[in-house]
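A.B. asks: Handing you a structure now.
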Amino acid sequence: MKSFWNFIRKNGLYAFINLFGLTVSLAFVILLAVYVSRQLTTDAFQKNADRIYIYANENYIGSAYYLQKHLLENFPEIEKATSLYSYNAIGSLSIGETTLQSDKTSYADSSFFEIFSFRLLEGSNQAWKASDRSAVISKSFADTYFSDRDPIGQQLKYTSPEGDSYIFTVAAVMEDIDHSVIPYCDVLCRAEVLTEVSDSNDERMSNAAAVDTFIMTWPEADIQAKIPAIREYLGKVWWTYSQNSLDKVFFIPLRDLYFYDGAESLAGNILQGDRRLVDVLMAACIILLLFAVLNYINLTVAQSGRRAREMATRRLLGSSRNGVLWRMIAEATVFAAVSTVLAILAAEALSPYASRLLEYDFSVWKEMNPAFIAMIVAGIAVLGFLSGIIPAMVISRAKPIDIVRGSFNLRIRSWYGKVLIVLQQVVAVAMIAISLTMYFQIRAMINAPLNYNTKDILNVSNSIFTSSGQIREFRDAVETLPCVEAAGFGNGIPLSGTNNYSQFYQNGILSFQMIVGDSAYFNILGLKVKHDNRLDDRNIFFWNEYAFKEAGLPETATEVQFGNENEGTYTNQIGGVYYDFKIRPLLYDQSAALIRKYDVYPTNMIPWNTVIKVTGNHKEAFGRISEVFREICPEGVFDASFIEDQVKASFAQYTQMQKIIIIFTVIAIFVSSLGLFAMSTYYIRARSRNIAVQKVFGADNRLIMKQIISSYIILSLIAFAISVPVSRLLTAKWLEQFSYQTALWVPWLLILASGLMACLIAFLAVLYQSLKAVGTNPVTTIRKDD
């Protein structure tokens, strides 16, 4: 091993590039391996995981509140059931005289802690089950608000915007919920209160998707076999099935839920992962590791002449070929071990940034357990073997006579390095093409026309106010600001969807999104009337163009008949037609809409939100408007965002993936460029005497430069030719998930740009060494003993 360290000391460039490239690659591999491992083991700690399921249908995950009671009472295979609602359904939370600036409140039924394995640190499950006004708080919440007193028995008061109060008593303190599909919450309240907060959470199950329903079966029970019977039962008791709004029943196992791609929680009550992102990260880790290993192999083979002399001498002194081979593998393993230790330190330093980027908190140190350490040790052994086996085989078969003649170096350097360079370039071009395609596709989707205004509009949630009077006072006050053009009231915005309104229609269900607001709201968003039927009753809803298509009616229709034989039929008038505008984010299906514009928003109604048209700098306008809010509601937290930012946020998962791919592309190209730079150094050094002889005989420096650089550019062009079909296949595969895509010619242009970029990188990587080679005095080169 002493000779290896001497070799490292004499070849600093070789050591630095290998160590740096392998360390950087391994740092990201370890970092993302921890992330992927945590993702893949979500809820693995749940003791009853094999018996827990969530109800879903063919469209979404979500159910009515009373579904769990129906299932529990009618199907003996089910031992326990609970609903889950993960949003504050009531209003502001106060403890004593203190109103909290923010809180995360969820709701569940009495059996929640018997189904899920979340530990109670203080208090008891019996106390939680004893009253429908019980609450359990998290350890973090308890440490923040009850650090000086016993939290058990303390009262939590929720106040609705209408002034209604709901008081809960703390029954227990639970460990912070983490690493689960169940979101973290500060407070978990008993879910029975949901029936008081909203009349639609009734026993008729009017609100069909407010909560998510979990069941836990008895051991050995087969709930999947009972699905036909459950479907038949639901067809009798739940309107969504009896009126053919839904057809299928699914029970998704908890172990499959996190990465389940068949449906999402409609109300967002659970956390779900993105398996595509995990797969992309795994692929990126493999590519980075491959680049680092290829660099090690490539550079070691490039230096094979110097190591071959040593190994050939060892064989002359009695060492076997196998002994030489395992010696080099051992050297590579030591190198991998040093790189891994440095990589672990780097990965931990990068974990806060990675947590923010991935929106998922994790740390390398926290995962350091015996199993993880054993995996790292095994990884070092495998990495050392893979990195060392090829150079070891190449060098161990060297014959002394080949070394004396120099033919060994010539044979190895003539093809081996070129193959690896081409391979790296193919991967680099493909990654550049994918990164560019992602960028332009996401940009195209963000800027796609939605047929309503999104620029310079601040959307303020009215749930932040404690009374309806404050809402109107706020609207009137902001209208006086110089940075505000107008302010209007509405019930949500098209981007996020609004209240759903479903009616029986022609043996089926016709569902509408209700777009409601005052005249200022409609003017700010730019929603335009296409045709007004000019009916006497101005409170009649208009329809959008898409609603007429869904109903199969002409846009000239002035009335529609809803209902069925069981419920009876009735006729509604149609006020007119609005031009279509996109409801929900771009990639969602369009919706039919019932649209009502008030001249003045009714004083007996509470608007959901206030839309404010601003001028000038967004940050300054936001600051001025938030100051007005604090003057009116000093105890509240200002909750507002610009609609154009919300549009960008609707593509957050794609933007996140794009950022990750760009980071990995930059790192991969950097590692590849380091290897190419080092390769050019060694190969140009090997040709240095040939270059010197050419110069002695009068060869032009530019001609020599052209010969050197062109050989690498040719390799890049070969790599580009191979990468074109690969890149097109990968980009097409990624684009096929989008209904709205960039122009067909854009991916081809981006692939061409990627090839040019790769050629430029190759050119810059070898340029310096080429200039240095032709600028060296030939006498100095010829005299040098290399």
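Note: Cβ is positioned from N, Cα and C throughout, glycine not excepted.
TrEMBL lists these features:
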TRANSMEM  12-36  transmembrane segment
DOMAIN    16-178  domain 'MacB-like periplasmic core'
TRANSMEM  280-303  transmembrane segment
DOMAIN    284-400  domain 'ABC3 transporter permease C-terminal'
TRANSMEM  324-351  transmembrane segment
TRANSMEM  371-394  transmembrane segment
TRANSMEM  415-440  transmembrane segment
TRANSMEM  660-684  transmembrane segment
DOMAIN    662-778  domain 'ABC3 transporter permease C-terminal'
TRANSMEM  704-724  transmembrane segment
TRANSMEM  744-768  transmembrane segment
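Mind running through what each feature is packed against?
C.D. replies: Across all of the domain 'MacB-like periplasmic core' (16-178), the predicted model scores a mean pLDDT of 91.
Outside the transmembrane segment (415-440), and at least 6 residues removed from its termini, the chain residues within Cβ reach (under 8 Å) are 287, 290-291, 294, 297-298, 301-302, 394, 654, 657-658, 661-662, 664-665, 668-669, 672, 675-676, 679, 683, 712, 715-716, 718-720, 722-723, 726-727, 730-731, 734-735, 742, 746-747, 750-751, 753-755, 757-758, 761-762.
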A.B. asks: Take the domain 'ABC3 transporter permease C-terminal' (662-778) and count its residues per DSSP category (helix H/G/I, strand E/B, coil), listing them in that order.
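C.D. replies: Grouping H, G, I as helix and E, B as strand yields 101 helix, 0 strand, 16 coil.
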A.B. asks: State the non-local partners of the transmembrane segment (704-724) in its own chain: residues 6+ outside its ends, Cβ under 8 Å from one of its Cβ atoms.
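C.D. replies: Counting only partners 6 or more residues beyond its ends, the transmembrane segment (704-724) has Cβ contacts under 8 Å with 418, 421-426, 428-430, 433, 676, 680, 684, 687, 691, 694-695, 751, 754-755, 758-759, 762-763, 765-767, 770-771, 773-774.
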